[in-house]
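Report on the following structure.
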Amino acid sequence: MAGAREISPELVAAMTEWRRDFHRHPELGFQETRTSRLIAERLAGFGLEVHAGIGGTGVVGVLRRGSSNRAVGLRADIDALPITEKNDFAHRSATDGVMHACGHDGHTAMLLGAAKHLAGSETFDGTVVFIFQPAEEHGRGALAMIEDGLFERFGVDQVFGIHNMPGLPVGQLAVRTGPIMASEDNFEIVIHGAGGHASAPQNTVDPIVIAAEVVLALQTIVARGFGPSDAVVVSATEITTDGVRNVIPSTAWIRGDVRTFVPAHQQRVEALMRRIAAGVCAAHGATCEVEYANSFVPTVNTAEATDLVVRAARGALGDGNVDPDCRPIGGAEDFARMLAVRDGCFAFLGNGGDAGQGRGLHGQYYDFNDDALAPGAAYWIGLVEAALPAR
Ligand SMILES: [Zn+2]
Ligand SMILES: [Zn+2]
């Protein structure tokens, strides 16, 4: 069994300091001005070519070696969440109501660490494009960078991303070919009835009763619209109306969330939802509008890029520390937008501990595990050496 790659204690100490500083100063999507300024300064300090302000607060660092035309993109997300931190350690958030509760502080620090190491090494041949992406949590930052010419300006053959995973032991990596994270769609169905006195339903078209029927009918989208091997979730998560206690309302709003792993399934859910909502409303003399937004596309890894990730991770972390066929996750990830236009792979890196009691991703007691910085940097360095082998 191959051993793990060692990262120097100096680099581990530097990454830990950067990580805790980012944690202490979290910034929301597209507002990461301090974060991106520090990233740009550090990349320039390592000797990289730096391009700031891509897709708003995004930053790109470019590192070239040798003569190969091959290029890979390594991406970290840099934004925090509108959550109030409940930890009380020294590096807890200094900004009320904003918190690095998803570990993007760690993703940023480990990619900076890999950049620093690679800037002082000759162990690869080609171009590494370090992509620091804003606004992952919104699901808008990847598209903002792509629309700002990310892949035209920095042509990369493949693009890679990583996310920490509480509950997966530190030093381990999990990945799979094909869909690894779900899509996320958000919908709103507005039902227009006719309100009136609660004692005189015969004079109304009650949108609450119709909404209840629509919510039940939506259950048939998964139960009868998909087969047993299709993983699809349709959840109505809110019903609101403009009524009061003694008034039958005139309007009801149903809002909700849909997860799939296949883009065609997103389209089928939307079509069935529109047909069901319109049909149920028509049956009761009401009308409706359906707004259906594709917030996140599914994250789909190609076989070629996943094989490379598995090989690199086995070299960097040790043979026994790589799961090449993990289960897909129902969460969604903005990096999927990059994989929709470039070959590549997204993997999970062990963050250790467990995900209970608010310590999981987006929990108020979450904290990125600094012990995962060295394995993360080792993986990135190994991936560059595997993707861009020195001659
Ligand atoms: Zn998150
Ligand atoms: Zn995240």
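Every residue, even glycine, has its Cβ placed from backbone N, Cα and C.
Within the same chain, residues at least six positions away from GLU137 (Mn(2+) binding site) with a Cβ under 8 Å of its Cβ are GLY29, ASP79, ALA80, LEU81, CYS102, ASP334. Per TrEMBL, the feature Mn(2+) binding site maps to CYS102, HIS104, GLU137, HIS163, HIS362.
Summarising the annotation, TrEMBL assigns domain 'Peptidase M20 dimerisation' to 187-277. Per DSSP, the secondary structure of the domain 'Peptidase M20 dimerisation' (187-277) breaks down as 37 helix, 30 strand, 24 coil.
Most other Cβ atoms within 10 A: among the binding-site residues HIS104, HIS163, HIS362, that distinction falls to HIS104. Ligand 1 lies under 6 Å from the Cβ of CYS102, GLU137, out of the binding-site residues CYS102, HIS104, GLU137, HIS163. Secondary structure from DSSP puts HIS163 (Mn(2+) binding site) in a beta strand.
Of the chain residues outside the Mn(2+) site list CYS102, HIS104, GLU137, HIS163, HIS362, ASP77, ASP79, LEU81, ALA101, GLY103, GLU136, LEU361 have their Cβ within 8 Å of the site's Cβ mean position. Ligand 2 lies under 6 Å from the Cβ of CYS102, out of the binding-site residues CYS102, GLU137, HIS362.
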